[in-house]
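Report on the following structure.
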2 protein chains.
Amino acid sequence: MSKKTNNEKLTIFALGGVGEIGKNMYVIQYGNDIVVIDSGLKFPEEDMLGIDIVIPDISYLTENRDKVRAIILTHGHEDHIGGLPYVLKHLNVPVYGTKLTIGLVENKLKEANLLGETKRILINEDSELKLGNTLTATFFRTNHSIPDSVGVCVATPEGNVVHTGDFKFDHTPVNGEFANLQRMAEIGSKGVLALLSDSTNAEKPGFTPSERNVGIVLEDIFRKATQRVVVATFASNVHRIQQVVNAAAATGRKITVIGRSMVNVVGIASDLGYLDIPDGMIIEPEEVNKMAADRVVILSTGSQGEPMSALTRMARSTHRKVDILPGDTVIIAATPVPGNEKYIGRTIDELFRLGANVIYSGSNSGVHVSGHGSQEELKLMLNLMKPKFFIPIHGEHRMQRKHALLGEAVGIAPEDIFMIDIGDTVEIQGGVARKAGKVTSGNVLIDGLGVGDVGNIVLRDRKLLSQDGILVVVVTLSKQDGQIVSGPDIISRGFVYVRESEGLLDEANRIVTSTLQRLMSERVNEWASLKTSVKDSLGRFLYEQTRRRPMILPIIMEV
Amino acid sequence: MSKKTNNEKLTIFALGGVGEIGKNMYVIQYGNDIVVIDSGLKFPEEDMLGIDIVIPDISYLTENRDKVRAIILTHGHEDHIGGLPYVLKHLNVPVYGTKLTIGLVENKLKEANLLGETKRILINEDSELKLGNTLTATFFRTNHSIPDSVGVCVATPEGNVVHTGDFKFDHTPVNGEFANLQRMAEIGSKGVLALLSDSTNAEKPGFTPSERNVGIVLEDIFRKATQRVVVATFASNVHRIQQVVNAAAATGRKITVIGRSMVNVVGIASDLGYLDIPDGMIIEPEEVNKMAADRVVILSTGSQGEPMSALTRMARSTHRKVDILPGDTVIIAATPVPGNEKYIGRTIDELFRLGANVIYSGSNSGVHVSGHGSQEELKLMLNLMKPKFFIPIHGEHRMQRKHALLGEAVGIAPEDIFMIDIGDTVEIQGGVARKAGKVTSGNVLIDGLGVGDVGNIVLRDRKLLSQDGILVVVVTLSKQDGQIVSGPDIISRGFVYVRESEGLLDEANRIVTSTLQRLMSERVNEWASLKTSVKDSLGRFLYEQTRRRPMILPIIMEV
């Protein structure tokens, strides 16, 4: 299929998605042809204060823009498509994806005013894409917590590189779309040079249960509930939403949809035929209060306890349209993403306090299953593909490591398994693979409209400010004789209650004054020295008195 | 035992420990006699920026100081004894506890210079304490993740109030100290008016496994490890430490102890006879490198990934004495406390990167069991005690709620179960219980040496500062004519990289200048108006340009 070019080599690396959960972006390059798989975002780590989202550093791609043939999307989750609006601003490349994925992408590009200039190409499982002179991409259907997910096989002159996308094996899929085991087996029997496979659940033994199990539990809860039922889940989990619809239909309830992303996804997925909703089933939130309580389902965002989400606002009784009433049943059909445990716990507590019966995954309730395959499924994928080389991707380092052990367990030699961090390249030439150098990679932090203008110094300052606040010390000196004309004035924020700490701040003022007077008598008049001395003497005093280290910002004015 | 005083009533409430995990403090009052059970601290929530620890508001106790007869401690965990140094400063009351508990308390009081003035009284399971005129306390041994844990039975003229402390039922306890089922059954058969019971694991079905199971797993890992073994666990888990000692002895390894709290607890527990360590087993950290790798165990703090802990420093290769070498086995014998998942995950990743084999609880490894009883054990306690009234304590609201359902399941009437928040009082008189008013309660935040001097305004400022930083705008005006003499100068911290945003800050400067000039031409010269206008115009400009809302601090000097 692909012609072999002499002396060229195959290079595989990740710009995001390894050593982390999020901002997935993988690169396959052969000579002058580059294919990018996925373009995701990551939500900020807890030490990235004030940051909204994180995307990969794509310097390598912009420096090689002439070679980039395609961005192929495996599915429509934010950690796979959320970085596109930022990436496409710097790299106008055709974007390939299945119908639902492209539908979700178009919604994003519209908001970013990039729809017109971006070439979008629909693919399906049977598509074959010629990409540049040397690469050909084909696809295989997988099961995941969003419909229309695919894995990618990129044929290169060195051999086939398979990227699984996110997957599980669901033998009773909600939409009847089975993972294409036959296609995977066929790819495997033709020969796979390198497999890049999803490590998310590599720590979990056994099999991940079928999404259909959740439907059975939901219908049972709907049937027993004597009042309204609220279901919060990820907006993108179209299968789950379909099962909520089915359970509502089976129990004679109508559904109202609240939360911006839920309204969006339900709209797009229905329009594109991925959701089958009976006519008249969806009602407006305003109609809820007019209906009998046992005829209503409220489908909502907020399954992670996000502070601004619909469920959180209902829990705090601050939602404009829907209140939680005593006796309502609230189903939180999701597990907390690490870091969100406290938020979701607080939401559950608040719902209980309102008198709701809350059903959540912590209590073994069966209202959620993962979209990622567990250890037995990961081994099944490895055995279907029988790769020569194996690169665990999509996970924190420990998950990649566990996945590597599964690779060894099914018989791949340890030296043929490559543990990579972002930027680490694996080069394959003449059937020999080795870890080569690093390409530029990293986190680009997005804060408001700023892309990459917040870095370590700004974050360090935010961290300092968040711990003990700031004291601003202002003093005006005379140009003539360098004497104090006005001040020192000390203003604090985030340090102590000023009213209760007047004595402390008065004393601080005296210390600054005497420090300045001493320096002047010693004829020190460089501002840098004055500022350093004020910082040191005041910092020492405050630490002794309070054991705190606020940021101290001395400002000297001259008149 | 206790004489009935007419017209008096029994009041039960919590100053901490309900609606939260941490700062346990329960109050039982009959007439002029108050008994306090436990005096814990809580670690700050994620929105309590810069706060070190949190203790209960004890206004009720200081206002009724003459009535407080005792602080009884159920066991030596921080969430039960950690608030003592702060409480005892305001309330000099005798402290009662078992030998290990008092040993740990004395260590704390020494550091706080409170040892001399605090009366400490050792109790054991057979102690009987007359407290004031009306109350008598007796005890029963429980199993928990620290030895010498007890439950308390307070006899009052209204009847017996039982507080379980933290407990599980471990039928094969490591130290051979069984929970005293007979004593509990006896209390139950004499009649329990009200039961206050531990709700921590009320969401978990089944039984919590025996601590002894961990010992078997540890010995197996020690035996298979070909190099050094590092075990990180909670310092206070003396049973776990004993099992590390046993496994080391069985496999011919010596132990070195690192991390301040681990060294402390091992010292105290050995001195008091709670740890049985063979002579010559403990070696200094300096000796580790001289020994064969398969003869060494390193017992360490840091099982929660705490940034300054010994394990975290080893993982980052910044520990002064001990390095992790490729092939070492690291056992993290703990589950993450909610909120710590990311920290511990990062530590695990770093250890893997150093080439260690990391065994942690996420991977079903059997290296940790909980110290709190699961649903079947909670029901067993309820059935042993057969209380008339039931108050679920020690847990988040949702855990108390699940515990209440367990109470209903064993036959307690819903109206006899009391869901309380901190400060909510339950009054019992003539055998009738009702929810009465609230007493003063809340969080006292400790930041450095400051106790309670950081409140909502300071925390709100810290939050604001942490999100988008601060801009300080300084301008000097003339006293004579109100004209600008110097400035405006704008200094930012935690907002943007100044070097890359010169244009933005220059423009900000022009906006401040023109705002001031406009106001002066309109003869506005109140400082408050000037400041508000500068804040508004600059804030609007910055939000338009950056979509960020830094704190803006205008400072006007006059010369």
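Residue numbers in this text run from 1 along the chain shown.
Here the Cβ of each residue, glycine as well, is placed from N, Cα and C on the backbone.
Predicted automatically and left uncurated, TrEMBL annotations should be read as such.
Sequence-distant contacts of A:ASP198 (active site, proton donor), defined as residues of its own chain at least six apart whose C-beta falls under 8 angstroms from its C-beta, comprise A:THR164, A:GLY165, A:ASP166, A:PHE167, A:HIS372, A:GLY373, A:LEU378, A:ILE393, A:HIS394, A:GLY395. Per TrEMBL, the feature active site, proton donor maps to A:ASP198.
When other Cβ atoms within 10 Å of the Cβ of A:HIS372 (active site, proton acceptor) are tallied across all protein chains shown, the result is 22. The feature active site, proton acceptor is assigned by TrEMBL to A:HIS372.
In this structure, A:ASP447 (Ca(2+) binding site) is part of a beta strand by DSSP. Among the features that TrEMBL reports, Ca(2+) binding site is placed at A:GLY50, A:ASP52, A:ASP447.
Counted within 10 Å of its Cβ, the other Cβ atoms near A:HIS394 (Zn(2+) 1 binding site) come to 33, all protein chains included. The Zn(2+) 1 binding site feature in TrEMBL is assigned to A:HIS75, A:HIS77, A:HIS80, A:HIS144, A:ASP166, A:HIS394.
If you take the C-beta of A:ASP79 (Zn(2+) 2 binding site) and look for same-chain residues 6 or more apart in sequence within under 8 angstroms, you find A:GLY17, A:ILE21, A:GLY22, A:LYS23, A:ASN24, A:GLY40, A:LEU41, A:LYS42. Summarising the annotation, TrEMBL assigns Zn(2+) 2 binding site to A:ASP79.
The substrate binding site annotation in TrEMBL covers A:ALA235, A:SER236, A:ASN237, A:HIS368, A:VAL369, A:SER370, A:GLY371, A:HIS372. Cβ neighbour count for A:HIS368 (substrate binding site) (all protein chains, 10 Å cutoff from its Cβ): 24. Secondary structure at A:HIS368 (substrate binding site), taken from DSSP and collapsed to helix, strand or coil, is coil.
According to TrEMBL, the domain 'Metallo-beta-lactamase' annotation covers A:22-218.
Put simply, A:HIS80 is the one of the binding-site residues A:GLY50, A:HIS80, A:ASP447 whose Cα lies nearest to the Cα of A:VAL369 (substrate binding site). Within 10 Å of the C-beta of A:ASP52 (Ca(2+) binding site) we count 17 further C-beta atoms, all protein chains included. The Cβ of A:SER370 (substrate binding site) has 16 neighbouring Cβ atoms from other residues within 10 Å, across all protein chains displayed. The binding-site residues shown are A:HIS144, A:ASN237, A:SER370; of these, the one with its CA atom nearest the CA of A:ASP52 (Ca(2+) binding site) is A:ASN237.
Other Cβ atoms within 10 Å of the Cβ of A:HIS75 (Zn(2+) 1 binding site) number 27 in total over all chains. If you compare Cα positions, A:ASN237 (substrate binding site) sits closest to A:HIS77 out of the binding-site residues A:HIS77, A:HIS80, A:ASP447.
A:GLY371 (substrate binding site) sits 30 Å from A:ASP447 (Ca(2+) binding site), counting Cα to Cα. For A:HIS77 (Zn(2+) 1 binding site), the same-chain residues that are 6 or more apart in sequence and have a Cβ closer than 8 Å to its Cβ are A:GLY40, A:SER145, A:ILE146, A:ASP166, A:SER236. Secondary structure from DSSP puts A:ASP166 (Zn(2+) 1 binding site) in coil. Nearest to A:ASP447 (Ca(2+) binding site) in space, judged by Cα atoms and limited to the binding-site residues A:HIS75, A:HIS80, A:HIS144, A:SER370, is A:HIS80. A:ASP198 (active site, proton donor) carries a strand DSSP state (E or B). A:GLY50 (Ca(2+) binding site) sits 23 Å from A:HIS80 (Zn(2+) 1 binding site), counting Cα to Cα.
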